[in-house]
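A.B. asks: Have a look at the structure that comes next, please.
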Amino acid sequence: MRGDGILGRDAEGSKAEVTRKRKWLKRRERWLVILGVFLHAVYMLGIFDIYFKTPIVHGMDLVTPRFSAPAKRLVLLVADGLRADKFFEPDSKGDFRAPFLRSVIKRKGKWGVSHARPPTESRPGHVAIIAGFYEDPSAVTKGWKANPVEFDSVFNRSRHTFAFGSPDIIPIFCASLPHSTWNTYPHEFEDFATDASFLDEWSFNQFQNLLNRSYDDSKLKEMLHQDNLVIFLHLLGCDSNGHAHRPYSSIYLNNVKVVDHIAERVFTLLEDYFKDNRTAYIFTADHGMSDKGSHGDGHPSNTDTPLVVWGAGVKSPEQISSNDHSDHTVRFIDEHAHDMPTPIEWGLNGIERLDVNQADIAPLMSTLLGLPCPVNSVGNLPLGYINMNKSEEVEAVLANAKEVLNQFLRKSQIKQSHSLSFKPFKALARYSSVLDQIEALISVGNYEGAMKLSENLRSLALQGLHYFQTYDWLTLMSVITLGYIGWMVYLIFHVLQSYTSVPGYIFKEQAGRHGNNSRKVYSCGCLLMGVICVLLILEHSPPLYHAYFAMTVFLWTQIINEYHFIKALWTCLCGRPFTRILKLLATFALSIFILEFLVNSFTERKLYTWCFAIVGIVAFFYLSNLIPGRSGIPIFVCFACWFLSVFTLMPAEIPDNNQLVIGSGAIIIITGAVARWLDMHSLGNKYWLSICCPEMKRPRFPMLFHLQALLVGLASMMVSLSTSHRAEKQELLASHQLINWSIAGFSMVLPLFSDNSLLSRLTSIFLGFAPTFLLLSIGYEAVFYGALGIVLVAWILFENTLLHLNPVKPLSSSMQNMEEHLLAENDVRYLQLSDLRISLTFMVLFNVAFFGTGNFASIASFEISSVYRFITVFSPFLMAALLIFKLFIPFMLVICAFSAITKLLRIPRLGCYFLVVVFSDIMTIHFFFLVKNTGSWMEIGNSISHFGIMSAQVVFVLFLFALTNIYTKDIQTRLAKPLSQKTM
């Protein structure tokens, strides 16, 4: 016989069987939740094995240069946060801000733009300049502060390094370097309220004092006269002044003159001290500065930094007749167009410009000093800067290529020793013959041919490094993706078997053969996992690799164990009319479209504006056609959607607006008053009756609504008082603090004493959390709270209308008996295909709660001033707890409405929760492939946050379900139809 569940066939069973099934169901769901938590925790760690694995390897041999060192010592000046345009362009009077370095560019050395790679931050920039590689991606997990892996640098190869500057930079390279002399100023010196150019003067004075001491210290003087010496001055002033005053400020622009003057004094000081013309000088910056005084992303204002090189071993300036660069074929790593004419205002059009990637500076320094390149360097030696003959140029490029090749060979060796079926990088299979060919060309003086082969060898070695860096990606991503798919399929089977009218004969067919088949399937699964574990052990794979494979094998073993169910399900589906199959496919396609919409909404909040604007119109016409006669419900639903659509056009950084917060208190009270009036006057209106008081009786606490409205008004008044004190730079009064805490705590308890009719309880919950939310609000998010509450009521009205107006069909006698048993036990009915809209709507509204007033995955949503009405003394844990609770309140409203709708429609809430988990994991898979390991910290962090948020939703939503169940467990609704009938 046909019913109307997802499969359409009815299951028969006695009351005892139903009771037994319910006990089995509870046990199974308990384990499903535990399995889901464990699975998502394990797979979440997978992104670090795939995307954030260190590129650094150890054990390579140094490549000793076969040419004489052009310079005896090298001075590296890094002006932290100095933009290229602000360095090269003239000021408003037409004078250039760096006159000394401009004279160097025109008469003594070479110049260009050094292109940094995001994240354009101080540590990654200095690592690229001094060590020649782009920051270890695994460092993102440690905030780039500690050294996750020890790496080689130019300082390591030097005979001695002298370094002075910031405590955040100098120790990274010198703290564990025995042949270094260094000093840093205290962190307290970095005060954004002052002109930070004095930090640059401090670094210069430290170096000047060092030279002065050498006249009285013979050991120091002897050390200073050694070869392979590096002097590093870190000049932080531009960075601090850019953050505090913006790069267009007079303080920042004056700081450019300061660093130019320091470069001049360092040059004069050293030339007078050594008098041997054996010093090379490099002036550059680690990153630029955006117009807003920030940095980190890949905008040209952050990636473009000046580079000026002069002194021993450096070519002289060359005049050119065109504006074209000589390096137009180089592809720069920040992926911006750099093969552009030099801006006319720079006044350098006639002088050759040589742009480099930031990591190219390390091999440049090593070559000038005649040192081996840092063993982890991936920089390309910029020959245009170095004054060498042809044979030395070839030897320098060959040494650079061999250094990268050694990294490739070491990675290949490590991977081959751990792999049972090693797949080599074929392009370098005959690298030794290429090296022999290069040596042969050098020996016969064919330097041009040797140069081309060396450059090609280096390019192939870099490709090989990337090949081994991503060697395990396909395997790991396939296993984890299969695991997610297996989890979703297993959950869908559970929902079909436990919450739908699955054909009874499926269970009968399974009963006879389940035992033998299960043993065979589990035995094969264990055998397969055993083989995989042995292979992983032989390949020395990390322990987490075993967990990834184990979870995936376990899930697919469970799915294969349901073979007879799958077969019967397929047979059942094949017997359905084509229109039903088409409807199933259309529902699936629409669900995927909505989920992909939600994925894109994580990066584009404005999509919700279009979503709710369109939904409001569609719902209006749909309900107008559905409801006979005149009704205000279509207008109300349309208004609610349009009202909410406004908020995702607002900025994520919420501006302060005290009047808006106070005014929103009035909106909340009016909304609550209208809901109470409808609750009391719903008699005779069938569209409101089932969500209002089931019986006309006196409320348990008649004055409860008035008390809650009073607390909302009092909270609005305290917002005004607390903010006015803060605006006058006065401390928050202890009495105000006590009142605010009391209002927030007391108001959240009151909903427990409200009437248990659906609308009455939800109105009380809405009013109960409003005072707390108002006290934690600083702007338009307070109005958003009211708009979200109105939309949730519109959702309930929409579902209630469908419940009343959809046609009904009596069930067969056997199905009626089964249905009565289920309703007696759990007061629920079976899930239908159309019930998917409940879970999908929940997903949309839950995400609107994420992004309606900002970005939960971004720091922009955490405005610290939100907690100032509760606490002003810095307390990170309490402040963080208050901020997180504020963000949780909209989620709790959505889940309370969701729970109320499941009670209204008599559908199992836990079954809907499992559908929500399935939908969440479809989005999780998408975000899994969107995780970034390059780009700015914000881009990397947001990509991890998006993946982590969706992965954690299985726990997050379950926790909020448990929390809100305190308020919603006793909600009662009047049955719209007899229990023996069910909507189609």
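Every residue, even glycine, has its Cβ placed from backbone N, Cα and C.
These numbers come from a predicted model, not from an experiment.
So TrEMBL has the following annotated:
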DOMAIN    229-326  domain 'Sulfatase N-terminal'
DOMAIN    463-936  domain 'GPI ethanolamine phosphate transferase 1 C-terminal'
TRANSMEM  31-52  transmembrane segment
TRANSMEM  473-493  transmembrane segment
TRANSMEM  521-538  transmembrane segment
TRANSMEM  581-601  transmembrane segment
TRANSMEM  607-623  transmembrane segment
TRANSMEM  635-654  transmembrane segment
TRANSMEM  660-678  transmembrane segment
TRANSMEM  734-753  transmembrane segment
TRANSMEM  784-805  transmembrane segment
TRANSMEM  838-857  transmembrane segment
TRANSMEM  910-931  transmembrane segment
TRANSMEM  943-967  transmembrane segment
A.B. asks: Looking at 581-601, 607-623, 660-678, 734-753, 910-931, which one has the highest count of Cβ pairs under 8 angstroms to the transmembrane segment (943-967)?
C.D. replies: 910-931
A.B. asks: Which numbers of helix, strand and coil residues does DSSP report for the domain 'Sulfatase N-terminal' (229-326)?
C.D. replies: 38 helix, 23 strand, 37 coil
A.B. asks: Where else in the chain does the transmembrane segment (660-678) make close Cβ contacts, counting only residues six or more beyond its ends and a cut-off under 8 Å?
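C.D. replies: For the transmembrane segment (660-678), the nonlocal Cβ contacts are 688, 692, 705, 708-709, 712-713, 715-717, 719-720, 759-760, 762-763, 766-767, 770, 774, 777-780, 782-783, 785-786, 789-790, 793.
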A.B. asks: Same chain only, please: residues at least 6 beyond the ends of the transmembrane segment (635-654) with a C-beta under 8 Å from a C-beta of the stretch. Say none if there are none.
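C.D. replies: Long-range Cβ neighbours of the transmembrane segment (635-654): 605-613, 615-617, 619-620, 623, 778-781, 783-784, 787-788, 790-791, 793-794, 797-798, 848, 851-855, 858, 860-861, 863.
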A.B. asks: Return the stretch with the most CB pairs under 8 A relative to the transmembrane segment (607-623), choosing among 734-753, 784-805, 910-931.
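C.D. replies: Most contacts with the transmembrane segment (607-623): 784-805.
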A.B. asks: Which stretch from 31-52, 734-753, 784-805, 910-931 shares the most C-beta pairs under 8 Å with the transmembrane segment (581-601)?
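C.D. replies: Going through each listed stretch, the top one turns out to be 910-931.
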A.B. asks: Give the nonlocal contacts of the transmembrane segment (784-805) in its own chain as ranges (CB under 8 Å, at least six residues past its ends).
C.D. replies: 612, 619, 623, 626-627, 633, 636-637, 639-641, 643-644, 646-647, 664, 667-668, 671, 675, 686-688, 690-691, 758-759, 762, 766, 770, 773-774, 777, 838, 841, 845, 848-849, 852-853, 889-890, 893-894, 897, 900-901, 904-905, 976, 983
